[in-house]
Amino acid sequence: MSAIWIAIAVLSALSLVFGGLLGYASRRFAVEEDPIVEQIDAILPQSQCGQCGYPGCRPYADAVGNNGEMINKCAPGGEQTMLKLAALLNVEPQPLGAEEAREPERKVAWIDEANCIGCTKCIQACPVDAIVGATRAMHTVLSDICTGCDLCVAPCPTDCIEMRPVATTTANWKWDLHTIPVRVITVESHA
């Protein structure tokens, strides 16, 4: 019985020593993050789509903050994101490329459930977990969560996933208030 208590005491002492060493090492060798990279990453849409040429939003933010990468490469963020980045970094806004010049039409993935074999490759490819389903059962896309990054289309072995535009409703309609004519009527006061 005393051998068990000795083993428990030795393991407890070792865990305290190693825990202390790890705690010291984490403080001593801590890598300080660049605050500008954190701010850039907060502005980006976090769709992790890779359309900018980087594997996600964090590497792109690191490239913009530390390597002087152009701020107009985020296609999902569009002009709004580019203008916010320009204001943050105190640089001139850069014109978007020809393909990003117009506001991109929002598309979401759509799965033809009749042809879905339930292989789960699309679920594994989705960076935001917008696809639900089970193995060997049909899958479906949660359109409110889907960012339209198009990463789920290529892995599908049956080609049952396609990108479809989001239907325009009153909830997602973008009103162009600058084209609505406004006429100011002056009211005369009679005193």
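Cβ atoms are placed via backbone N, Cα and C, with glycine included.
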Can you pick which of Cys119, Cys126 Swiss-Prot lists for the same [4Fe-4S] cluster 3 site as Cys146, Cys149, Cys152?
Cys126
Against which stretches of its own chain does the domain '4Fe-4S ferredoxin-type 2' (137-166) lie, if we need a Cβ under 8 Å and a gap of at least six residues from its ends?
45, 47-51, 76, 105-131, 172
Which sequence-distant residues neighbour the domain '4Fe-4S ferredoxin-type 1' (107-136)? Criterion: at least 6 residues beyond either end, Cβ under 8 Å.
47-49, 56, 142-143, 145-166
For Cys57 ([4Fe-4S] cluster 1 binding site), what is the secondary structure by DSSP, using just helix, strand and coil?
helix
